[in-house]
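Student: Handing you a structure now.
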């Protein structure tokens with residue numbers, strides 16, 4: 001027998017898929033609960049439907065085979081992408097069929113976006129307000145019109161094509177999801193090959209994706225937007241493909257195209273400076289970032305990511321190995337350092353998801369701030385309603401993602417954490433000194449809470465006593481945010497030093513002039529004062545409490561002094577059995593539950609701060625002499641320094657539009673405001689409640705049914721403690737978010 005040398009063995013192509021692993025069976029899918037042996041037997045009690053929902057997507061409970069779990073998650077991703085593309089297609093279809101997009105394009109300063117017309121059933125057509133240009137419909141605040149203009153879409157036919165393209169894409173995604181689970185399913189080794197994955201994600205998805213987008217921006221968006229900015233009628237603008245096929249059209253707008261690719265290969269890149277610009281600031285016509293700056297940015301990002309994708313060792317013996325990087329990463333005080341983290345992240349999808357959600361959530365909140373400080377789309381900056389809505393949207397989405405990160409970190413700790421792998425590494429060391437971490441964090445929360453709230457209480461008291469000279473304010477005892485002001489000045493001065501070719505600062509929010517578009521403020525310096533200093537410390541307080549709850553849930557998910565064997569009880573359990581009082585509501589799930597309330601609490605204050613600050617100090621009109629009149633007349637600095645000011649001059653004053661909306665086009669928001677308060681109050685019935693009360697009530701109702709011989713075959717059961725809390729928090733958040741939605745919309749659509 002001949003023994004091949006190892007290097008010849010390695011060169012064989014590896015088979016990394018299984019063929020036809022799982023049959024496609026509609027009969028199986030039609031059976032409710034087919035994924036769980038107990039559930040598949042059908043319902044005995046009403047708890048069955050709850051467990052069906054709780055476990056349908058909990059792949060860990062379907063099988064313990066990591067390969068099968070990985071395949072299910074992979075297939076589910078394609079399903080998710082299909083749902084997203086169908087949803088987007090629907091939005092774009094509405095834009096094509098029911099909207100005033102073309103009228104808005106011709107006059108974006110005076111026509112407001114609308115993509116929904118209500119049918120005249122029992123008088124509901126009152127909701128179709130006059131949005132300008134003779135169109136009546138519901139004003140939308142999703143920013144889609146601004147995005148489409150940025151893409152270079154000039155008519156509804158292009159929107160129809162895009163909508164159909166979205167559906168085709170959804171079909172491809174659905175097919176891919178089915179194909180990669182039922183026909184050619186990747187093996188576990190493929191899912192765990194992190195270097196190839198980084199290679200693909202960085203280089204192909206992010207790198208080539210950005211490069212393709214830069215191409216679209218250069219060849220389609222930039223020329224079309226340049227013509228629209230110059231006031232060329234939409235019907236006279238060439239169609240997107242004409243710019244690509246007819247080079248002379250591009251050369252007329254950007255002479256740099258005349259030289260072709262020669263400057264690229266001769267490294268004479270300056271010739272492309274007319275369409276790859278570095279202007280900084282905002283386009284004075286649209287109030288958005290310069291399209292050519294955005295193209296330049298995406299080209300640079302593409303280069304960075306394509307290079308980054310080449311860093312990792314795959315089939316050739318060069319490049320980084322993630323395992324080696326992690327295992328060599330040891331500090332003087334961190335024991336085994338990052339050893340073991342590679343195994344955690346390649347065998348636990350929860351660990352992977354937890355880190356990704358935490359990063360993505362933080363990034364989403366950063367995006368919320370970029371959308372107003374550096375509005376990327378044309379005419380977004382002057383559409384105040386849209387600005388407020390997309391800020392609020394991104395803030396809340398980010399909050400949910402961060403709480404989800406903590407949830408999956410706790411699930412990782414309970415289900416996937418292996419103490420043998422994590423010996424004296426950074427994770428083990430953090431868990432071992434968790435008492436110090438949590439007690440310090442607790443102290444910080446108490447300190448921040450008392451001091452930040454105390455400043456407000458002091459001001460309320462002094463104002464009530466008629467002693468304004470003793471208040472913390474810009475006109476009495478000043479507490480200026482000096483570090484924030486320093487950062488603002490630094491950024492205003494930076495373009496001359498760090499980016500010598502930039503013509504304007506990165507964002508007028510930091511400093512510079514007032515940019516007005518059509519007599520409305522697009523952006524101007526946001527001056528910070530004592531009121532911002534006070535509310536900033538409330539933000540610090542609420543964020544730290546949220547972190548305290550979530551981090552405690554993760555660090556004590558496996559064990560605590562109270563329940564040393566917590567890991568055996570699972571991610572969610574109501575109490576540690578009978579006879580152990582005081583062990584309720586300590587599971588990982590319960591910490592996520594509590595964290596959600598504080599996340600909502602934190603972010604409500606963030607969006608209130610933003611809404612009032614922008615209306616008071618940024619948004620408004622500019623007259624011919626250059627004088628700015630803000631929506632609420634700059635009242636933030638003196639009113640936002642007391643609790644009473646927040647209640648009276650923000651909540652109550654700005655609720656007048658939603659409260660008085662009946663009989664107007666905004667009346668739906670009045671009903672929503674009422675209905676959402678009701679949903680919120682309904683949540684309290686589940687949150688301030690005991691399971692026994694409901695079970696007792698159900699028993700007597702069942703007795704009455706038995707008396708009348710109409711007893712159901714499926715036994716009614718009261719919600720478990722955990723189910724009741726889940727229903728409670730869901731309605732609390734839904735009610736709170738929809739109330740805020742109605743409050744913000746009715747006000748800003750009236751005054752913005």
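Cβ coordinates are placed from backbone N, Cα and C, and glycine is handled just like the others.
Annotation comment: Swiss-Prot describes 575, 584 as [4Fe-4S] cluster binding site. The chlorophyll a' binding site annotation in Swiss-Prot covers 677. Annotation comment: Swiss-Prot describes 685, 693 as chlorophyll a binding site. The phylloquinone binding site annotation in Swiss-Prot covers 694 and is backed by sequence analysis. As annotated by Swiss-Prot, transmembrane segment applies to 73-96, 159-182, 198-222, 294-312, 349-372, 388-414, 436-458, 533-551, 591-612, 666-688, 726-746.
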Student: Between residue 677 (chlorophyll a' binding site) and residue 685 (chlorophyll a binding site), how far is it from one CA atom to the other, in Å?
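Tutor: Cα-Cα distance, residue 677 (chlorophyll a' binding site) to residue 685 (chlorophyll a binding site): 13 Å.
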Student: With contact taken as 3 or more Cβ pairs under 8 angstroms (pairs 6 or more apart in sequence), are the transmembrane segment (591-612) and the transmembrane segment (666-688) in contact?
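Tutor: Taking Cβ pairs at least 6 residues apart, the transmembrane segment (666-688) and the transmembrane segment (591-612) are not in contact, as fewer than 3 fall under 8 Å.
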Student: Counting a contact as 3 or more Cβ pairs under 8 Å, with residues at least 6 apart in sequence, do the transmembrane segment (533-551) and the transmembrane segment (388-414) touch?
Tutor: yes
Student: In whole Å, note down how far the CA of residue 575 ([4Fe-4S] cluster binding site) lies from the CA of residue 694 (phylloquinone binding site).
Tutor: 18
Student: Only counting partners 6 or more residues apart, tell me which same-chain residues put their Cβ under 8 Å from the Cβ of residue 584 ([4Fe-4S] cluster binding site).
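Tutor: Result: 574, 575, 721.
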Student: State the non-local partners of the transmembrane segment (666-688) in its own chain: residues 6+ outside its ends, Cβ under 8 Å from one of its Cβ atoms.
Tutor: 126-127, 129, 657-660, 719, 724-725, 727-732, 734-739, 741-743, 745-746, 749-750
Student: Among the binding-site residues listed here (575, 685), identify the one with the smallest other-Cβ count within 10 Å.
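Tutor: Fewest other Cβ atoms within 10 Å, among the binding-site residues 575, 685, is found for 685.
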Student: How many neighbouring Cβ atoms, not counting its own, are there within 10 Å of the Cβ of residue 677 (chlorophyll a' binding site)?
Tutor: 15
Student: Using Cβ atoms and a strict cutoff of less than 8 Å, what residues sit near the transmembrane segment (73-96) while being 6 or more residues removed from its termini?
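Tutor: Sequence-remote neighbours of the transmembrane segment (73-96) are 57, 59, 115-116, 142, 144-145, 148, 156-157, 159-160, 162-167, 169-171, 173-174, 176-178, 180-181, 186, 191, 349.
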Student: For residue 584 ([4Fe-4S] cluster binding site), name the DSSP secondary structure in the helix/strand/coil scheme.
Tutor: coil
Student: In sequence order, what residues of the same chain, 6+ apart, have a Cβ less than 8 Å from the Cβ of residue 693 (chlorophyll a binding site)?
Tutor: none
Student: Hey, which bits of the same chain come close to the transmembrane segment (726-746), Cβ under 8 Å, at least six residues off its ends?
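Tutor: Result: 141, 385, 388-389, 392, 396, 593, 596-597, 600, 604, 607, 611, 654-655, 657-658, 661, 666, 669-670, 672-673, 675-687, 719.
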Student: Could you give the residue numbers and ranges of same-chain residues that sit at least 6 residues beyond the transmembrane segment (388-414) on either side and whose C-beta is under 8 angstroms from one of its C-beta atoms?
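Tutor: Apart from its flanks, the transmembrane segment (388-414) reaches 141-143, 344, 348, 350-351, 353-358, 360-365, 367-369, 371-372, 546, 550-551, 553-554, 557-558, 566-567, 570-571, 588-589, 591-592, 595-596, 599-600, 602-603, 606-607, 610-611, 614, 737, 740-741, 744-745, 748, 752.
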Student: Taking the Cβ of the residue listed as 'phylloquinone binding site' as centre, how many other Cβ atoms lie within 10 Å?
Tutor: 16
